[in-house]
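As recorded in TrEMBL:
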- 52, 59, 123: CoA binding site (BINDING)
- 9-185: domain '3-hydroxyacyl-CoA dehydrogenase NAD binding' (DOMAIN)
- 191-287: domain '3-hydroxyacyl-CoA dehydrogenase C-terminal' (DOMAIN)
- 144: site 'Important for catalytic activity' (SITE)
Ligand SMILES: CCCCCCCC(=O)CC(=O)SCCNC(=O)CCNC(=O)[C@H](O)C(C)(C)COP(=O)(O)OP(=O)(O)OC[C@H]1O[C@@H](n2cnc3c(N)ncnc32)[C@H](O)[C@@H]1OP(=O)(O)O
Ligand SMILES: NC(=O)C1=CN([C@@H]2O[C@H](COP(=O)(O)OP(=O)(O)OC[C@H]3O[C@@H](n4cnc5c(N)ncnc54)[C@H](O)[C@@H]3O)[C@@H](O)[C@H]2O)C=CC1
């Protein structure tokens, strides 16, 4: 069986991941519609996409014509009903199971084609729980991108227990041929392959800072200069968003009961205090 063609793509949530995905799809020539949580968010997401395309033109990564063509491919709205004609929808709202299941229930009602792929870029929520709130669990799958989406080449493909083989095939074809990314397949276990390894490392870095063992700067210098990582763990978490880091740590701890996955108190307090990293201007570092 050959993969079904995906031409019209939908995105729910135009934040860090959804926005990056929309930009990538548009640059690769797909028709993209992004649904935000409200009109004000949609306007912000649209403005961010334009800034990002402009930056790519200034850096001579793309031409002004390519940026204009990509811009013309993307539209923004605030109603999930606008995704009715999509061949694939990527859910990229915040890492909260209640919010995500509500989105999947609505997508199941509004996305017309029974053959459309309903995908989530969740980092750690079991895909089976999102699949089970729909009437078409066979078409639900995890398509987990890495941040920044336009830059990092990996996508984890995560079929749930009830995902059809054709859904896996369609998703792999879209990601590899359509978006020119590399795929790693993972079972539906919290953290998949990469985060199951990354989370203990990142949370251990917080514990080092929390206990006074080393400063954030020294931990980051150690890993960039000593291990050639592109950025240290504290700066990376500021980029990911500390709310996402805490939610993913919680999900892994709930699944495995392994203390290395448990969010340290400093992380929880920072999230309580709105110190979420780059997106709020302050995390382990100050961005104001
Ligand atoms: C408990 C933990 C739980 C975690 C759970 C949530 C997380 C997940 O589920 C999965 C994840 O995504 S984990 C995070 C994975 N990401 C990384 O590890 C990023 C590591 N850092 C980097 O790759 C570079 O520092 C980076 C590319 C960011 C920046 O590179 P540089 O420092 O060299 O800076 P630039 O020279 O400005 O950029 C290099 C090239 O990348 C382009 N770029 C950067 N940011 C971009 C963005 N946001 N969108 C589009 N393009 C972007 C930049 O333009 C440049 O390209 P060239 O000009 O062609 O070189
Ligand atoms: N931040 C990261 O580095 C990575 C995050 N992820 C996953 O991607 C997902 C999104 O994360 P981020 O982009 O970081 O979050 P974010 O907070 O940057 O973006 C979430 C967006 O969804 C919007 N939103 C919330 N509820 C909505 C609704 N009901 N309808 C429409 N839009 C809604 C918010 O307004 C926001 O713009 C999460 O599941 C996260 O685990 C996956 C890989 C990396």
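Cβ coordinates come from backbone N, Cα and C, glycine included.
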PLDDT averaged over the residues of the domain '3-hydroxyacyl-CoA dehydrogenase C-terminal' (191-287): 98
Residue 52 (CoA binding site) - helix vs strand vs coil (DSSP): helix
Listed binding-site residues with Cβ under 6 Å from ligand 2, out of 52, 59, 123: 123
Per-residue Cβ crowding (10 Å cut-off), top of binding-site residues 52, 123: 123
Residue, out of the recorded positions 59, 144, whose Cβ gathers the largest set of other Cβ atoms within 10 Å: 144
Residue 123 (CoA binding site) and residue 144 (site 'Important for catalytic activity'), distance between Cα atoms, whole Å: 7
DSSP-derived helix, strand and coil totals, residue by residue, for the domain '3-hydroxyacyl-CoA dehydrogenase C-terminal' (191-287): 66 helix, 3 strand, 28 coil
Max pairwise CA distance, angstrom, over record-listed CoA binders 52, 59, 123: 31
